[in-house]
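Copied over from Swiss-Prot:
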BINDING   29, 209, 234, 238  Zn(2+) binding site
MOTIF     31-41  motif ''HIGH' region'
MOTIF     266-270  motif ''KMSKS' region'
BINDING   269  ATP binding site
């Protein structure tokens, strides 16, 4: 089965066919760096990092570009409030961005272009649109003639006659038509600006991504992605600008993730539930946050609350414990493993699980189903570990496959927080030890006791059951 992508432009799943065999050119809209990103921003970051990882796993050479908007009204306001320059604000929060997403195990982009470092390309694209009659100057501003682009609305499915722009596009008397949107803003007194043929000023939001995608990926790209809130007007405007300028298709596939809600409500400052990723990471394992984000298909809304995060923590721990148990069994190999008579059957099961995982990811990157398959792998690993005799070959294959699944999903199976086990991990091992003893697999029961002893955890078998204390 080939990779299937739900293409927002076509409103259906389509088989992925790259523009060039073996290569994927992918652009994801990045943050406006005037503050810490909110937890909702982390969803597209994690989702499309995972999409990229899977393409890499399938053998594609992925060129991944994600920008920083480092000048706009919000940055100017933040600079005034913090008594800093706009570049100083941008530098501060770009650094904070990398600090946060590095914890989430997000791979580095091929390029993270900053708007302010690519102003020549932005100005050139605006000039091209003016030359072709798709844009016009008005009192130092430059606007795009929306109605001249006949395909406008094709991404969002809206008709020109019914369109109403969102908050980022304001009506003013300088426009020839209320649907026209800004490409270049004339400088106001005291604001940062760049020189251009249209006068001193700075770019509008939408033109930035068109120019950066063109510079780093070319006139046509394979995949353009972002949150569903960007479909209109941002991505709709990008299509209009880019295709008007080049006469070519801007992006072949458009991918959009659904919203993250806080306790069932959309996150917003007015509701008082606006949470930054930076704050969430202070109290939560980033590995758990990543697992949580991938536990629901990216096109479905996801809800964040303490109970759901606890479920994610427990789900991830089950995978980690299975992995660590297998690894420990291999590391403590004393040469007493025997050739287990059903080795071929177990290896065949592993092959089937690998195929199931690939089928899940091929189906529009269904990480929720992929995690279910991952848990089935861990379950079978635990069953195998409880056997009296095992094959080192099967153990190594279990370990290799768990690493493979984790790498695609960007999860870490080692204990990343501390070398010690928390109470739930200890209790899971105690339960596994009890099962081993009931099955008269005393070698495995003793092995679990040794694992816990290495972590300074002492077991005490009592009439009421097994208790533990930390040494």
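Placement of Cβ uses the backbone N, Cα and C atoms for every residue, glycine included.
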Residues outside the motif ''HIGH' region' (31-41) whose C-beta sits under 8 Å from one of its C-beta atoms, at least 6 past its ends, are 68-70, 72, 74-75, 77-78, 89-90, 93-94, 96-97, 100, 227, 259-260, 267, 274-280, 304
In the motif ''HIGH' region' (31-41), how many residues does DSSP put in helix, strand and coil?
-> 3 helix, 2 strand, 6 coil
Checking the binding-site residues 29, 209 for other Cβ atoms within 10 Å of each Cβ, the smallest tally belongs to 29
Which three-state DSSP class does residue 29 (Zn(2+) binding site) fall into?
-> coil
Around residue 234 (Zn(2+) binding site), how many other C-beta atoms are within 10 angstroms of its C-beta?
-> 21
Residue 238 (Zn(2+) binding site) in three-state DSSP notation | helix
If you take the centroid of the Cβ atoms of 29, 209, 234, 238, the listed Zn(2+) site, which other residues of that chain have their Cβ within 8 Å of it?
-> 205, 206, 208, 210, 224, 226, 230, 235, 237
Using a Cβ-Cβ cut-off under 8 angstroms and a sequence gap of six or more, which residues of the chain neighbour residue 238 (Zn(2+) binding site)?
-> 206, 209, 210, 213, 224, 250
